[in-house]
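S.K.: Pulled these from Swiss-Prot:
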BINDING   Arg25, Glu86, Arg126, Lys450  (6S)-5-formyl-5,6,7,8-tetrahydrofolate binding site
BINDING   231-236, 250-256, 275-278, 336-339  GTP binding site
BINDING   Asn231, Thr250, Leu252, Thr255  K(+) binding site
BINDING   Ser235, Thr256  Mg(2+) binding site
DOMAIN    221-373  domain 'TrmE-type G'
Amino acid sequence: MNASDTIAAVATAVAPGQGGIAVVRVSGPAAEATGRSVVHCPGRQVCGSHRVMYGHVIDGEGRRLDEVLLLLMRGPRSFTGEDVVEIHCHGGVVAVQQVLERVLAHPGVRRALPGEFSQRAVLNGRLDLTRAEAVSELVAARSRRAAELAMAGLDGGIQAKITALRERLLDQLTELEARVDFEEDLPPLDGDALLDGLQQVRQALLTLVADGERADALRSGLRVALVGRPNVGKSSLLNRLSRRERAIVTELPGTTRDLLESEIVLEGVPITLLDTAGIRSTDDAVEQLGIARSEEALATADVVLLVLDGHAGWTAEDAALLARIPEHIPRILVANKADLPAGALPQPVDVQLSALEGTGEEDLVQALLERCGAAGTEGVLLALNERQRDLAATAAAALGRSQEVAAQQLPWDFWTIDLREAIRALGEITGEELTEAVLDRVFSRFCIGK
């Protein structure tokens, strides 16, 4: 990446052709000249910073391609810290493509790489690394709770917390290094108090890691497969949970011949429900295809709901289906049709409910969230992503080693080795310790235009 280039991309999340307006963003030294060249603004409009101008995008022969608004933001008062131009055009596929092509045709302008706008914002001091990541997470949020946690990061919550912990460690390092160089001139250092301070930071980091792991489901969501023999009520349960008729519900076994999906949100956790075809032996070619897809869903699910007919009781088919579920995938045994007289269920079940009447639904929701480790996320205030958690765990491990050094009563300079490692890891979270490898890892996951 050459930071002196001028870059351009479509910045809006809505796919071309699906929104009334699209935004083409341009950033870099040639941004203003590009905007003035591509957009013709009639009358006596003043092309000033942070002012909106009206005009038309024109081609090389002077023909109008689209009616647009032009917004100029001169650096450093822009998202990237550079001169930025935004062209607000119509959202049709042709309109967006023509505007972007005209921009890219300007000398010195190239197409932006994934995440390059945000990367420039970090390099120019407009964002720290945690805020840049929060931008991506806010765009990708699939639930209000996920958006809340992303916004907490965008507001600087993670950066402030990590910076405060890092500064405490820097203070401790300063004390230790002073003792290494000038121990005879300074009063004795209270080693127990120092260890207590390091342990407080370590515990705070472990709490952040645990909270981030619990909140992971809010970001990525869960795939939940509903599995069971035909006519046990899987489709009725899908319709009950999704609050809309997604599956045809009849008394005929094998009605669901394909894999049906429904997107829902339970207590802030995005969940994809997969209503599988009843897995059984059949000569029907279409049903066989649905069963094959069901088995694929079974292997890739985060959790499996094995739906039983609580009225008919436990059968050999139920036992065979239970054996098909991979050992590493959590499973919940759900006895449906609790509104009817109960049959024999020698196999202990986790939840009894009636998909028809809705009884037991809350028990199922809680069992699902607990089995996936997603329960209790309402208490999470800051959610570190995987990269941030790895670094926080590295820092916590380094601080744990410092306790071992203390137990061995080694000299102060031995303490500084692990302390420096913890400080480096925390600095990498926020971007205080910034390398090209860190930037590549973070921004390669971004979409073009962010």
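Glycine is no exception: its Cβ is also placed from the backbone N, Cα and C atoms.
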S.K.: Taking Cα atoms as reference points, which of the binding-site residues Asn231, Lys234, Lys337 is nearest to Arg25 ((6S)-5-formyl-5,6,7,8-tetrahydrofolate binding site)?
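M.R.: Checked the binding-site residues Asn231, Lys234, Lys337; minimum Cα distance to Arg25 ((6S)-5-formyl-5,6,7,8-tetrahydrofolate binding site) goes to Lys234.
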S.K.: Any idea what the Cα distance is from Asn231 (GTP binding site) over to Glu86 ((6S)-5-formyl-5,6,7,8-tetrahydrofolate binding site), rounded to a whole Å?
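M.R.: About 56 Å separate the Cα atoms of these two residues.
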S.K.: Measuring Cα to Cα, how many angstrom lie between Lys234 (GTP binding site) and Glu86 ((6S)-5-formyl-5,6,7,8-tetrahydrofolate binding site)?
M.R.: 49
S.K.: Whole-number Å distance between the CA of Ser235 (Mg(2+) binding site) and the CA of Lys337 (GTP binding site)?
M.R.: 13
S.K.: How big is the Cα-to-Cα gap, in Å, between Arg126 ((6S)-5-formyl-5,6,7,8-tetrahydrofolate binding site) and Lys337 (GTP binding site)?
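M.R.: Distance (Cα to Cα, whole Å): 58 Å.
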S.K.: Quick one: pull the CA-CA distance for Lys337 (GTP binding site) versus Glu86 ((6S)-5-formyl-5,6,7,8-tetrahydrofolate binding site), whole Å only.
M.R.: 58
S.K.: Among all chains shown, work out which of the binding-site residues Lys234, Lys337 has the most CB atoms within 10 A of its CB.
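M.R.: That would be Lys234, with the most Cβ atoms nearby.
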S.K.: List the same-chain residues at least 6 positions away in sequence whose Cβ sits under 8 Å from the Cβ of Glu86 ((6S)-5-formyl-5,6,7,8-tetrahydrofolate binding site), in sequence order, or say none.
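M.R.: Same-chain residues close to Glu86 ((6S)-5-formyl-5,6,7,8-tetrahydrofolate binding site) (Cβ under 8 Å, separated by 6 or more) are Ala11, Val23, Val24, Arg25, Val26, Leu70, Leu71, Met73.
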S.K.: If you count Cβ atoms within 10 Å of each one, which of the binding-site residues Asn231, Ser235 comes out on top?
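M.R.: By the 10 Å Cβ neighbour count, Ser235 comes out on top.
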S.K.: Across all chains shown, how many C-beta atoms besides its own are within 10 angstroms of the C-beta of Arg126 ((6S)-5-formyl-5,6,7,8-tetrahydrofolate binding site)?
M.R.: 19
S.K.: For Lys337 (GTP binding site), what is the secondary structure by DSSP, using just helix, strand and coil?
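M.R.: Reduced to three states, the DSSP call for Lys337 (GTP binding site) is coil.
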S.K.: Within 10 angstroms of the C-beta of Arg25 ((6S)-5-formyl-5,6,7,8-tetrahydrofolate binding site), what count of other C-beta atoms is obtained when all protein chains are considered?
M.R.: 23
S.K.: Where does Ser235 (Mg(2+) binding site) sit in DSSP terms: helix, strand, or coil?
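M.R.: For Ser235 (Mg(2+) binding site) - judged by DSSP and reduced to three states - the answer is helix.
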